[in-house]
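According to TrEMBL, the protein carries these features:
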BINDING   His222, Asp260, Leu261, Asp288, Ala289, Asn370  S-adenosyl-L-methionine binding site
COILED    315-342  coiled coil
DOMAIN    133-452  domain 'SAM-dependent methyltransferase TRM5/TYW2-type'
Amino acid sequence: MTTSATFTTPPSVHIDRDAFTTVIKVRAIRVPTRETDAVLRALRGFVLDVPKVKAVANANAGENLVLLSADNVQNLGDLEEKVPRARLDDVRERVGGTIETTEYDVPLTYEYFNAAQVLRKLLPDAIEVPSSFETVGHVAHMNLRDEHEAHKYLIGAVILEKNERLKTVVNKIGSIESEFRVPEWELLAGEPSLVTEVKQHGATFKLDFGSVYWNSRLETEHKRLVDSFKANEVICDATSGVGPFSIPASQKGIRCYASDLNPDCAKYLKMNAVDNRVKHLVKCYNMDARAFIKSLLAAPSDYDANDEQQWMKSKAEYDAKVAEFNAKKKAAKEKKEQFRETKPAKLEWAAEDEDGTPPAGATFDHIVTNLPASGIEFLDCLKGSFDRRVWEGRDLPMVHCYTFKGADETDEDVIKRGGKHLGAEIVNGEVREVRDVSPNKLMVLLSFRMTPEVAYDAKRQCRE
């Protein structure tokens, strides 16, 4: 099993906060304390609007200063020219008939400035300020350039201090060479733990960012694909990670066979299924994708088509009972009556212990391989691997394979590449762009439906 990153404690960083203190001069109006809120409303659009700076300052007892925008108001004439007469007359009445402006010094301290502004002041002019970072739960991860090396701990300290929800800042070092595509990180600031929690579209994912792969930029794509699945379908999630597809899919009532070669991914997958209360719909495995798919498609010695039919019948009956229960509960609530019925027990599908071999002869509606670097190569395990006894009379599955597309490639090139790995022409393939990875590389999704001519080939092409 992989282990989370072990970090060297970063050196302490001193930031001279006093060096950031500056003053901006604005105009202000003396207002009776009781009239402050009304004057603020009347002068909306002309009141000081500076982050972390209050637009009202205390003056004498029973009197406040309403600070005006330095951009819009330099003197009383600006107010009379720019503020609608009715609103200005209202202000005059509330301040006693005459509006008088006075100069006021607004101190801006270190707390006022954001991370980019602080770093611009602290870093040498020739060095570009890091403009962005990704977050995974409480962890911010950066990909700093060589020019930032001498200043990386300062950058980490500022990022941490200026983002209250963060507890840890790390930087990727070297290229990704590990078996499980997990980057190597160095700690720049904060706590050394990379065990965190992420929420996406109603699901909660626990993970160790030091030992599993997670990309927050794929949140929209996760939801889009899951939304395309229908309730009561079954998916084979062959490179599942910690469950970004399987967990939300199961929340829709979809059954999932899910596996990942990384043992830590498999561990957190099962944990997330339990924590999100969908373990009864998710079977979790720790296997190579090819071996996993091969096991599910293997010809069963005792196949009984009635098993699948019975599950679908039981699922329909369970859904009907839950719908009836919810309707009765809602009616009782509307009538303010006591409701004592017990919700129907969850329909169990997955066993508590899934350390064995996946069930041979399984059927599913979708196959997902979310491993862009090499997932397209797994297509070679599909040709001729379907058992006709199991699949006869039902639709063959859709295949959703994430891969990369070069700048000089067309969608047709991606489909041809997929067909080369499948060992047969893909006649109904579609390619959808997911996101830019670099100026010359896109992440795309190749989707197609298996056809009988390919699925039932006499010679099975699945590698061990």
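Using the three backbone atoms N, Cα and C, a Cβ is placed for every residue, glycine included.
No curator has checked TrEMBL annotations; they are predicted automatically.
Long-range neighbours of the coiled coil (315-342) within the same chain, counting only residues 6 or more positions beyond its ends whose Cβ lies under 8 Å from a Cβ of the stretch, are 232, 253.
If you take the C-beta of Asp288 (S-adenosyl-L-methionine binding site) and look for same-chain residues 6 or more apart in sequence within under 8 angstroms, you find Leu261. The Cβ of His222 (S-adenosyl-L-methionine binding site) lies under 8 Å from the Cβ of Gln200, His201, Pro244, Phe245, Pro248, each on the same chain and at least six residues away in sequence. As a whole-number mean, the pLDDT of the coiled coil (315-342) in this prediction is 84. With a 10 A radius on its CB, Asn370 (S-adenosyl-L-methionine binding site) counts 23 other CB atoms from all the protein chains.
With all protein chains in the displayed structure included, the most crowded Cβ environment within 10 Å among the binding-site residues Leu261, Ala289 is that of Ala289.
For Asp260 (S-adenosyl-L-methionine binding site), the Cβ neighbour count at a 10 Å cut-off comes to 31, with all displayed protein chains included. Across the residues annotated as binding S-adenosyl-L-methionine (His222, Asp260, Leu261, Asp288, Ala289, Asn370), the two Cα atoms farthest apart lie 22 Å from each other.
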